[in-house]
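Participant: This is the structure I have questions about; it appears just below.
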Amino acid sequence: MCGIFAAFRQPYVDSFKDKALQYSKRIRHRGPDWTGTAVINNTILCHERLAIVGLDSGAQPIISPDDRYSLAVNGEIYNHIQLRQELSDYKYQSLSDCEPIIPLVEKFGIDAPKHLDGMFAFAMYDKKEDRIIAARDPIGIVTLYMGKSAKNPETRYFASELKCLIDECDEIFAFPPGHVYDSNTDEITRYFTPTWWDGSKIPEKHVDYKEVRETLELAVRKRLMAEVPYGVLLSGGLDSSLIASIAARETERAAAAFSGEGIDANKELSGVDASGSLHTSGFNRLHSFAIGLPGAPDLIAAEKVAHFIGTVHHSHTFTLEEGLDALNDVIWHLETYDVTTIRASTPMYLLSRKIKAQGVKMVLSGEGSDEIFGGYLYFANAPSAAEFHSECVQRVKNLHYADCLRANKSTMAWGLEARVPFLDKQFLEVCMNINPEDKLINQKEGRIEKYILRKAFDTTDDPSAKPYLPDEILWRQKEQFSDGVGYSWIDGLKDAAEAAVSDEELAHPKPEWGTDVPTTKEAYWYRCKFDQMFNGSKAAASTVMRWIPKAEWGCHADPSGRYATTHEHKVDA
């Protein structure tokens, strides 16, 4: 993962270069390892690098051998080994997993992203045609923003974070996931068209547990492509625990296959080959990381999981005061005022700093499972299987505003990359096409949230199989991260907001907010902080979408899972 800034058709590009470098510097936290810049015609590409694959030869922007194409990428391409084999006529200059994007665009044009398996945001400039192509991964795991300016109407700006754009652009928007921009037409078009995209079409195929299990295992294996120390975020909940368990198995299996020796990262490609085998340069024991207030439910559960799966576990705590002190930094890095995202991002932000300090540059995380399987407790109120499914589809489509944004920016604030196996394209294709009747929550029948995911990894029917997780974890009730780190965390945020915002202020929202009006003091507090940091920019605010439960299903306005009537520690709503 890295940071990119690009300005296409920028007048007086040479004099603009100093500004561009300063804008790029604002996201150096995303890529502290090196800064690369390329100025071609009236286009400038800046790249802040976090080196994880192709350590010695993956510097960017990547220039094609004929000097025609210049590429800046933020992300990881998991099928780069296969792409290199398919596009073998191109003369590769490095072992970077991102370089195959150049011959891919050369061959397929704006259809190139269809062939990529990974998480990415890129901008590629064609000097011969004075053309730029930009694209974002299918679900929006990697952040990308696009900007325009009335002063320079021909110029198009792209950046990993909107803070790079607010001084130049009067129009900024989150680049839509699964889309590609082509300057030849000045249009953004959808390239990602999976079979499940229309939420009104209800799948009929019933769950195949073996297929669910094996597809997730492959998704994890692909994401262990690395030439640096890596680990897993482990909250002790179902999702992160499953990812950690699979990662521990895959790391052990890869080490055994290579007799305890990794590849030579200077000569060999890291990643999963066509047969599904993992090639990676390091096979140390897997490290896991957890955070919470002292005595938090997540810390206790995470330690049980780590002991069971055999990771080297690091359990970290934070105080309420430390969390409150970090809020301004969190909002600056997240670039949002959404209550749910800020609540959950603060512990993740604090943990990421601890992880980076321990020499780890990449972690696996469990985002996406709740959207795919209807894991939030409010899904128990779904009126029908059809509505359950359509809500899952909509939640997946909006992940780039919430959990993907949180996972990406909370970690990248400290130059730590988070990879999310649940959002693998193949896994989505399998699990979003499962009959929603199989996903429904039915407490009376013992079918708790994400039942089919739990069942797929339940080995009790096979005494010879090695269990993935202890039963008490595999069947642990859903706990939203902002709750699991300690119930007093959210309570403390509400108390602080109560002290910071008066009843009079809440009753009279600022007119420039229009219809996007905070309904609680906590939301009001965050919005004021956001406006202060981004100079009250309407363009910046337009990139934010708030995460709220589905009110039509009788949900409480507060997004905390403890307001669900089925929560074991529910609060009085």
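Each residue, glycine too, has its Cβ placed from N, Cα and C.
According to TrEMBL, the record shows the following:
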- 2-186: domain 'Glutamine amidotransferase type-2' (DOMAIN)
- CYS2: active site, for GATase activity (ACT_SITE)
- ASP97: L-glutamine binding site (BINDING)
- LEU233, ILE291, SER365, GLY366: ATP binding site (BINDING)
- GLU367: site 'Important for beta-aspartyl-AMP intermediate formation' (SITE)
Participant: For the recorded positions listed here (CYS2, LEU233), tell me which residue's CB has the most neighbouring CB atoms inside 10 Å.
Facilitator: CYS2
Participant: Rounded to an integer, what is the Cα-Cα distance in Å between the residue listed as 'active site, for GATase activity' and the residue listed as 'L-glutamine binding site'?
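Facilitator: The residue listed as 'L-glutamine binding site' has its Cα 13 Å from the Cα of the residue listed as 'active site, for GATase activity'.
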Participant: Tally every other Cβ atom lying within 10 Å of the Cβ atom of ASP97 (L-glutamine binding site).
Facilitator: 27
Participant: What does the structure give for the C-alpha distance between GLY366 (ATP binding site) and the residue listed as 'L-glutamine binding site'? Integer Å is fine.
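Facilitator: Given the Cα positions, GLY366 (ATP binding site) is 23 Å from the residue listed as 'L-glutamine binding site'.
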Participant: List the Cα distance (Å, whole number) between GLU367 (site 'Important for beta-aspartyl-AMP intermediate formation') and the residue listed as 'L-glutamine binding site'.
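Facilitator: Here the two Cα atoms lie 23 Å apart.
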Participant: Specify the count of other C-beta atoms within 10 Å of the C-beta of GLY366 (ATP binding site).
Facilitator: 25
Participant: Using only the Cα atoms of LEU233, ILE291, SER365, GLY366, which the record gives as binding ATP, return the largest interatomic distance in Å, rounded to a whole number.
Facilitator: 15
Participant: Using C-alpha atoms, which one of the binding-site residues LEU233, ILE291, SER365 comes nearest to the residue listed as 'L-glutamine binding site'?
Facilitator: SER365
